[in-house]
Amino acid sequence: MLIKRNPNGIDLPFGSEITPRAMFESRRHFIKQLAVGSIAGGALAEMAMREAFAQSGGTQKLAARPNPGFVVMDKPTAFKDATTYNNFYEFGTDKTDPAQNAGSLKPRPWTVAIEGEVKKPMTVDLDGLLKLAPLEERIYRLRCVEGWSMVIPWIGYSLSELIKKVEPTGNAKYVEFITLADKKQMPGLRSPVLEWPYVEGLRLDEANHPLTLLTLGMYGEVLPNQNGAPVRIVVPWKYGFKSAKSLVKIRFTKDQPRTAWNISAPQEYGFFSNVNPEVDHPRWSQATERRIGEDGFFSRKRKTLMFNGYSDVASLYTGMDLKKFF
Ligand SMILES: Nc1nc2c(c(=O)[nH]1)N[C@H]1C(S)=C(S)[C@@H](COP(=O)(O)O)O[C@H]1N2
Ligand SMILES: [Mo]
């Protein structure tokens, strides 16, 4: 694997579309402007935030071909909202914690081990993942079980592309997603809010559904740390907690994997976790949702849609009682 180190100390993949020089120049310009006092308060806050993202690696461009077959028509959430209102308990449980604390995550070098019930287990590094299949931009809704949602232009490719490379055996029925748990990089691990590492899982047919996205970027850039750098899963018809961030291992199994939220509160978070306005969470209704960025006094709540609007997936669940398998 070839790695170049740019002037800002961020590791860059060789040959990717990055202009460290321009980034460096604009930072110098920013510092000069600061010195002569020509930046107003609001702009300053905005630039300071961009600066923080630059340091966390979040401004590396990532080219992708838009895939119009996987685009919702809703207006995308502002980048600022999508990167400052997050759930990533490894960095704290407040919505603003991940943006504040995830600077300590080192997304390079990084490897993902693929193992278990497969004929061709492999360990792949980030450049390997970036080259495994053509990168696509897809605009997906993501709805958190807490009752808020976002619309994000993700970059990645169907997880099925990776699955076919490792050739699951006839025993493989489920896929387990295991994420990084490193106390040195993740201050939230000191708290026992969840069992670490954060683990999620899908049935193999769900994992192979074309919507299930192996995700390496968003908004034309690599994933910001707080959004699950350098690689996560996005399963748009399921509650957000299924979309595990900062993946280090993908394991194919015979049995249904234990999952972090199911372990912590099985009566509240089932294995399937399909978005379903008809099945309430024991402590609140799931009928409506708040779109992040539309939180004004007059903004109405949106109706939550079955499978988050991705009705094509219904065929995965024919004959199943979705009230029982919530
Ligand atoms: N490793 C890890 N992945 C995670 C979480 C987490 O705490 N740790 N939170 C989940 C939850 S509850 C949601 S709603 C989404 C939020 O993703 P986003 O912040 O990128 O929008 O990430 C999911 N993936
Ligand atoms: Mo969530």
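Using N, Cα and C of the backbone, Cβ positions are placed for all residues, glycine too.
Cβ-based neighbour count (10 Å, all protein chains) for Asn86 (Mo-molybdopterin binding site) stands at 26. TrEMBL lists Asn86, Tyr89, Glu90, Cys144, Thr179, Asn227, Arg232, Ser243, Ala244, Lys245 with the feature Mo-molybdopterin binding site.
The domain 'Oxidoreductase molybdopterin-binding' feature in TrEMBL is assigned to 106-261.
The 10 Å shell around the Cβ of Ala244 (Mo-molybdopterin binding site) contains 25 further Cβ atoms across the protein chains shown. Binding residues for Mo-molybdopterin (Asn86, Tyr89, Glu90, Cys144, Thr179, Asn227, Arg232, Ser243, Ala244, Lys245) extend across at most 19 Å, taking the greatest CA-CA distance.
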